[in-house]
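Let me begin by presenting the structure, written as C-alpha cells, before commenting on it.
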C-alpha cells in the first residue's frame, strides 16, 4: 500500500498496563509487518513513529509507550477524536522469505509489531516452526494474543513477576533456530546479533530511532551499516542484523 496522509478517527484508546496503550484507528490498510506510521497529535509540531501492532479489517491498531509530550497527549484521545497520520512507512519484515525455524524476540515496546508479524507468518505458512521470546520490565502485554499464532511462548521480566527473572537473551536457545526476527531496545538487539553471529544464525532486526519526517529527508534516523549509512525510516526499519554496526 502506498504512503498516504489522512485524518483517522480514533475507535479505541485504552491502557493495557501502566504506561502502555492500545490505539485503534479506523483506516483500511494493507501493510507489511514491521512497517510504521507517523502519528501527529493536535498540539505537537512533529509526528511520532509508531509501529503497526495489527490490522483487523478496516482498523489499524498501534500499541505505544508514553515517553514524551506526543505520546502523553496521544493517551488522552478518546473514541471519535481525529488524529493526523502518514503511512505506512518503511520496509517491514519479508514474510515471504524462507526463514526455516523462526524465533521472534522482543524487548519492551518492541513487542508491538510482533503480533502482526506472527499473524502474517502463520497465514503465509501454516506449518512454520515459530516461537516467541518476550522480555519485559515488569508487566507483560500482547503475549496471549501472540500465543495464538506461535508454537511456544517464553517470557522474561526484570523483576521476576512473570517467567524468567532476567533478560530475554538468557532464555534464547539459538541452536534450535535458523532465523531470529527481533525488535526492542538497541542494547538488547546488539546482544541478540552478537549471539546470532557466534551461533551462525540469520537475524533481522527492526531498529528504533528518533525520527522527524519519516520519509527519508531529514537524516535524523541514520543507522550505520557495513555498506554505509542507511535511513531507518526509508531503508529500514528492518535490517539484516549482521550488517548493522552498533
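Just so it is clear, glycine is given a Cβ too, placed from its N, Cα and C backbone atoms.
Now, the feature entries from Swiss-Prot:
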type	residues	note
DOMAIN	3-95	domain 'FAD-binding FR-type'
BINDING	48, 49, 50, 51, 70, 71	FAD binding site
BINDING	213, 218, 221, 233	[2Fe-2S] cluster binding site
For residue 71 (FAD binding site): DSSP state (helix, strand, coil): helix
CB-centroid shell, 8 A cutoff, FAD site 48, 49, 50, 51, 70, 71, site residues removed: 36, 38, 39, 47, 62, 64, 74
Cα separation, residue 233 ([2Fe-2S] cluster binding site) to residue 71 (FAD binding site) (Å, whole number): 19
C-beta crowding around residue 70 (FAD binding site), within 10 angstroms: 19
Alpha-carbon distance [residue 70 (FAD binding site); residue 218 ([2Fe-2S] cluster binding site)] in Å: 19
The domain 'FAD-binding FR-type' (3-95): DSSP-derived helix, strand, coil residue counts: 6 helix, 50 strand, 37 coil
Other residues, Cβ within 8 Å of 213, 218, 221, 233 Cβ centroid ([2Fe-2S] cluster site): 211, 212, 214, 215, 216, 217, 219, 220, 231, 232, 234
Cα-proximity to residue 48 (FAD binding site), 10 Å cut-off, over binding-site residues 213, 221, 233: 213
The one of 48, 51, 213, 233 whose CB sees the fewest other CB atoms within 10 Å, among these binding-site residues: 213
